Amino acid sequence: MSESNVVSYNNTFFNSLVAGGVAGVVVDIALFPIDTVKTRLQSELGFIRAGGFRGIYKGLAPAAAGSAPTAALFFCSYESFKRYLSSATGAVNSPYIHMASASCAEVLACLIRVPVEIAKQRRQTLGNTQKTTALQILWRAYKMEGLKRGIYRGFGTTVMREIPFSLIQFPLWEYFKLHWTDVTGIESSPFTVALCGAMAGGIAAGLTTPLDVAKTRIMLAEQGTATKKLSPRIVLTNVYRERGLAGIFAGLAPRVLWITLGGAFFFGFYDLTSRLLGGNTSTDNANI
């Protein structure tokens, strides 16, 4: 690898780190109430018993604290995998490279995302009525069930949700960006990148809602409950028996709204921050 390539890679890595972190924080703080409503709709307790519209900012602290490192790790990994695979295969703008890169990045990001989700979602619902902090929630989970079954409960289910989501979202996002100017005649900008992200995110969110329902049910399960020991397939089967398709797609509207708006904020701020840092824009990165 030449010196210029090393410098280019380091710049891409740094820009992805900062831009991803900034975008993640903006999205999680701005759209947190919608996420809370979605989580309570999917809760086994039901929307009203899980809190309804009361205390819709419960769980914001762990979400805000975890959003920057999670998003930064994801985008650093995504851009790194994409650059490496493009160089190794000689393929440019291949959807398969985007899919593989996003999938690998999601697995790594889940190392941070899952504990954050555990703390956040248990704070969002009334299943945890005590005024405990995120650290206390995670410590209690660790003491009662250990690392794998406590702090990382639902890791596999989360990965099962995130990978299909990314397999849909990122190829669509890259495709929309690549053809935006040709189709619309409008030059790429942070605003157009945001629109592409919103469209891609909304489509992916709707299609993967059942996986999100299973993930939420498993993460909210306390030790000793039946849901704790069930697989995503069995959880969804039970949900269907209880509530039909309405249960399988519980929280569809707020999830699609949240991720559509989140996609606009996230990819828009990611592109804007990259431009301000003087590095490759997301459109440039698509052509690596």
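Glycine residues also receive a Cβ, built from the backbone N, Cα and C atoms like all the rest.
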> For which of the residue intervals 55-75, 97-117 does TrEMBL record transmembrane segment?
Replying inline: 55-75
> What are the helix, strand and coil residue counts for the repeat 'Solcar' (11-84) according to DSSP?
Replying inline: 56 helix, 0 strand, 18 coil
>> Should anything in the same chain at least six residues away from the transmembrane segment (245-270) have a Cβ under 8 Å from its Cβ atoms, list it; otherwise answer none.
In response: 19-20, 22-24, 26-27, 30-31, 34-35, 37-39, 41-42, 71, 75, 169, 173, 190-191, 193-202, 204-206, 209-210, 212-213, 216, 236, 239, 282
